[in-house]
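As written in TrEMBL, here are the features:
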type	residues	note
ACT_SITE	D181	active site, charge relay system
ACT_SITE	H256	active site, charge relay system
ACT_SITE	S551	active site, charge relay system
DOMAIN	34-146	domain 'Inhibitor I9'
DOMAIN	172-597	domain 'Peptidase S8/S53'
DOMAIN	670-763	domain 'Subtilisin-like protease fibronectin type-III'
SIGNAL	1-24	signal peptide
Amino acid sequence: MERIYGFQLMLVVCWGIFVGFTWCQDNADAVSAVYIVTLRQAPASHYYGDELRVNTEDFDHGASGGTTRLDTPRSISRRDGHNSSYIARVHDSLLRKVLRGESYLKLYSYHYLINGFAVLVSSQQAEKLSRRREVANVVLDYSVRTATTHTPQFLGLPQGAWAREGGYESAGDGIVIGFIDTGIDPTHPSFSDGLTKSPYPVPEHFSGICEVTKDFPSGSCNRKLIGARHFAASAITRGIFNASQDYASPFDGDGHGTHTASIAGGNHGIPVVVAGHHFGNASGMAPRSHIAVYKALYKSFGGFAADVVAAIDQAAQDGVDIISLSITPNRRPPGIATFFNPIDMALLSAVKAGIFVVQAAGNTGPSAKSMSSFSPWIFTVGAASHDRIYSNSIVLGNNLTISGVGLAPGTPMDTKYTLVSVIHALNDTAAVNDMYVGECQDASNLNQDLIFLQYYNSSLERDESTKKVVKFGAVASISGGLKANYSHSAPKIMYYSARGPDPEDSFLDDADILKPNLVAPGNFIWAAWSSLGTDSVEFMGEDFAMMSGTSMAAPHVAGLAALIKQKFPSFSPSAIGSALSTTASLYDKNAGPIMAQRAYTNPDVNQSPATPFDMGNGFVNSTASLDPGLIFDLSYDDYMSFLCGINGSAPVVLNYTGQSCGVSTISGIDLNLPSITIAKLNQSRVVQRTVTNIAENETYSIGWSAPYGVSLKVSPTSFSIAKGDRMVLTVSVNATMNSTVASYGRIGLFGHLGHVVNIPLSVIVKISYNTTNSQGAAD
């Protein structure tokens, strides 16, 4: 959507109809601005909520008079198209009546999400419009940040990664991201291929197809959405799939899949309008990338591993470059099956084929060992906040104000309404345990405020004999809720984001892998929503939804990985993961340490500096990841050696891969990961890492901080490395005291050309046989 700012019009003639806009001007001195006018009459979605939404707006075009792909018959129902033109005529009629003979420029007619229009008028004309009884609201248009709507800006994409690689118009060009999720709404403008002037060819390496069904008709796919299939055989066999509850097609009846796909690869500059309010313009991390959808989860029951594996298999065959999974197993398989489960093994094969695999960490935090994605070949992403929040407050009848968080307009004209407790409203003292009372979110916050309850209780009038409330005297109003605040300290690790160490094993066997790998924005994320999505009641019938979870964090990284893959086509999956990991940020926007929430209740009170088990290598840095300097690489054979090193795994490896385990095996400590995790440090351990220089010739110096109870030495302490060369780093780790408390350190490689490589070090159990002598060595 083009952003138009106030400016002074100098035209003095009446143009009539000019390139599709209604334009009249007879006052050269009028200063005009763009206003959004909302009408009281309900929009089309209220009348046709059972139909597929196909077009957000009437797009007016330039002098060519052409139409976008979204306006073609394949993308619009007859009823909706008729309704759209009808509402547009109503808007034109209203403007002619109110501004008879005056100048104005109608930019858009909104008909589906809101019934209204955008118009360029003077402030006096806006006042005239606001006085009409059929007009609900007149709002001055305002400058918004481009881009889930704010996270690309928070990540520095417009001025950083996008700008360095040719702008958002080419970000992710030629890269195919495959989504294993609940499907997609192909009618959403975030997935249109008609919003760009440059050619949009389908990558030659992709061979996927689009299923055609009644719910997903011919033409649903295009050069942006280039593949779509659904997998439900296991669900059907179990008798669980219900065609009346979901769609036997790639269409997204839930909303989750549409949301995640748009975060990673949705088009740039799509207006986010919800309930008639504009929340900025949305963009995926790689807006020029291609999307392929493999639906294997369903809104009423979730999904099954057999269907998920089939989806992964098909995605690999089709030639996707990246697989994004915002799904996790319901529980961790026990023992060696932790790694040898069908989904993780299928993903290992995908990695062998050169596909970068991203998975959500899970929403089971903040307890330790809560990780739901655990294999080293999978890039696991946790959830962090970004700096945009929506704040509101409740103003009590005694003029006291209590701040809160919300996304809703305030009460009109600051009108105060009667306050009634849910328990009192149900008129039953036993209602404390009623399921509806549980719907009150964070009600304990109000209970802890003596201010609020004192005012409420003191305003109650009770019958003297029965003691029942007969009058509710407390009143309050709500203010704010729609205006974003960007001064919030961020990022911070959300309480629900799953934590390491990994995997959950009381003996800490095979727990020498850092999880999560990284954190990314996952809280309060605006992104596309399926027109028939039902996952969130608050956003039913809307085109966009605000969601939170590691499900939202993973596609951020999938999209950023597409940018890396575009710049470095020959990068292996582990090299992409390394570029993301070693460049991650350790500090929030205020230059302080990234904090991690530690409790579900009052999370901002219960927080402390994040550890590697909270955030992995840190918070993703989109710009730095495109220029990592050094990378840590791994091959499929390395992962096989790790699997063969697990006690008793040989027959399982043979069963899954058809390969026999050789003599050479390694532990998780020895995998060439951009991190070092030692679950059991028995006196001492020597760890090696190999780095490869992908930049120009550079000289690096090495510094480190040791975990508590551990001494550390890295050699060499400095080195020069030519482009394409490798260097082996040797890390000597010694326990200086006995401890079962995890502690953390860090190794930093600092290049003279500005590259900084970050390697976190975590030690869980430390065993030292000579604690007295070694204690002094640590000083």
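Backbone N, Cα and C define each Cβ position, glycine as well.
From a predicted model like this one, the values you see are computed outputs, not experimental measurements.
Overlay of TrEMBL annotations on the structure.
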| residue | record | Cβ within 10 Å |
| --- | --- | --- |
| D181 | active site, charge relay system | 27 |
| H256 | active site, charge relay system | 25 |
| S551 | active site, charge relay system | 27 |
So how many of the residues in the domain 'Subtilisin-like protease fibronectin type-III' (670-763) end up helix, strand or coil by DSSP?
-> 1 helix, 63 strand, 30 coil
Rounded distance in angstrom between the Cα atoms of S551 (active site, charge relay system) and D181 (active site, charge relay system) | 10
Length of the line joining the Cα atoms of D181 (active site, charge relay system) and H256 (active site, charge relay system), in Å | 7
